Amino acid sequence: MEQFLASLAFIILYGGTYGAVLFIISVGLVMTMGLMRVPNLAHGAFAALGGYLTILLMNQAGANYFVAVPVAVILVAALGALAERTIYVRLYNIPELDQILLTVGIAFIFVGGLALTFGPNVFTIRLPEVLSGSVDLFGRSFPVYRVFLLAVGALIILGFWLVFDRTTLGAKLRAAVDNRSMAQATGINVERIVMLAFAAGTGLAALGGAIGAGLFPLEPLYPIKYLTIILIIVALSGFGNIKSSIVVAMVVGIADTAARYYLPELGGFAIYALVIAAVAMRPAGMFARQG
Amino acid sequence: MFELKKKLAAFAAVTALAVGLPVTAGAQDQIKVGILSHDTGPFAQNGQGFHRGIEVYQALHGKSAGGREIEFVYRDIGGPNPAVGKRLAEELIVREKVQILGGFALSSEALAVGPIVEQTKTPAITFIASSPSVLAGSQYFLKSGQHIAQSSSAGATFARKQGAEKCYIVVSDYQPGYDAQKAFRKTFESEGGQIVGEVRVPLNTVDFAAIVEGIASTETDCINVFVPPGAPAIGLLRALAERGLVESNFVVGMGEAEDHILPQYDDSVVGFKGALYYAEALDNEENKTFIAKLKELYGPDTQPDFASASAYDGAHLIYEMVKSQEGKDWSGPDAVEAVKGLSWNGVRGPMKIDPETRELVQNIYLREVQKVDGKLQNAIVDQLEAVEAPSKEWMEN
């Protein structure tokens, strides 16, 4: 029994952290898919860039971890805004296949660029002292790093909830996702909202890439390698459904961890079984309104 | 009639070309060596090692041997893609007219190229590919790497020597993983140890926390790991260290924590052991010369690894084959025959080609990650001498 409780605590905390990082990385794509209807397959590249910029800032500029991460996030968000205005804005009215080709091309450019700049090896971000120890929770020790990830995930979720449900910007954003032309007709500057949402989405991906490097190791293939799992979150959430993406990311994180723990040899595939079942039964998203 | 003759002659020339028979008679003054490398993709680290090992060898030993100039031609497979490897091998032999092949980071590539090597009688040297079945692919295959069981079994022997009783095995879910797992289990059990758990982890695993949690709930004093270098290795070792298992267990792998990878780990990797045929810290003349030249050519921070060491020793083997044909018309089969039984001092220490099996007989070193003067490095803590590759029957039963 004690063994069972210990393993349960493990699955919830580790699966929860996995889910939290998945949410932070994917939510930007969920949002922009809803707003722009562009399957941005280069989304993972922004996450990788966040991680690599953090490394650069720490190693080359000697920045502290807690300074390097926000600076990297802001830089990537700015780059995201720029990319939206210059590249993505051209994609809104072209066929889907062209959108896919172009964004996957961007992802490959990032893969090549990262390999050229940083070499083919995996890079790890050195955690500061405060994050490298462990704490006692539920009668066993857990790494502080995991607790930190959970805390950041909770903060982001709280922030989303506040912005979405409690601010005018949130209301405009929701309006734009639900019915773009109607929102435009009521005088909402949808273009600006789209740019802000894209910047926020890429910035969050960068945050996930930077703090989640302990779970998703940084390597040049990052943008392609983790695209599947990001797209799984997007597909299960439904376009633009941010609240459900929180739950989806947690379910995926915990289910994946549980499967790897109890059935290590099949564990890697359990998540795909979940996806197939979920998409077959609820094609609009796991928690989408039916009808 | 004349027309037909012409056609036949053309046909003969084409077939001769296609099967790589020497079209021009007489001793050529150049030997071309085709290297199947990985310059991009997930195995680019190995490809870099291939280039460096060969270039260092050429810088030290010149660009000719046995009266012939030796030229290396590289091709990039760019990922785990045996079909591309096969196509590139054909191109190298037919169009570039290489007389020797080398490289092969993955066993799957060597297996795919095997039939071409056999048909065209082209000697081929696998630098890393270490599956037991590689040499069976063609009688013209030789190795400058290892048979995977040499290191795996040695890991088990080292663990028993250190008093390990209960071992858990973690391998990646692919053929080399199964081979490593089998060799370790067999040796560990036959030397009186007990395997308390085994797990095959899907190759796409990045977060190993759940796997490690499963190991931590078992009573062990030894953990054997075999996962590809790069993200999987770093993920697994960090998860083991995070859970305190590197400290409390005899954790032994192969090339997961080579010197050049160590900057990617923090101090929790201290104590991790790797059993392998090469060690950066080897104190022999060849290795010292090799490392000095490597640093001279690529900068003082450059570190050797098993890929560059294998390429260097492989280049030596290629030079020996070319030397054996001095003054004669080039013959691939004769060159292979000539180096069977050859023994020499490589950067890894004494090595010999077993004339029966064509496998290498070589030392296996136990390396341990230690912190010396604030820097992580591998030290050699034990070694097994003249380790032979196990027989096919041993691997199968």
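Cβ coordinates are placed from backbone N, Cα and C, and glycine is handled just like the others.
TrEMBL: automatically predicted annotations, no manual curation.
Over in TrEMBL, the protein carries these features:
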TRANSMEM  A:6-29  transmembrane segment
TRANSMEM  A:41-59  transmembrane segment
TRANSMEM  A:65-88  transmembrane segment
TRANSMEM  A:100-123  transmembrane segment
TRANSMEM  A:143-164  transmembrane segment
TRANSMEM  A:193-216  transmembrane segment
TRANSMEM  A:222-239  transmembrane segment
TRANSMEM  A:269-288  transmembrane segment
Pairs of Cβ atoms less than 8 Å apart decide it: which stretch in A:6-29, A:100-123, A:143-164, A:193-216 has the most with the transmembrane segment (A:222-239)?
A:6-29
Mind checking which residues of the chain, 6+ beyond the ends of the transmembrane segment (A:100-123), have their Cβ under 8 Å from one of its Cβ atoms?
38-42, 44-45, 48-49, 51-52, 55, 87, 91, 213, 217-224, 227
For the transmembrane segment (A:65-88), name the stretch out of A:6-29, A:41-59, A:143-164, A:193-216 with the most CB-CB pairs under 8 Å.
A:193-216
For the transmembrane segment (A:6-29): best-contacting stretch of A:41-59, A:143-164, A:193-216, by Cβ pairs under 8 Å
A:193-216
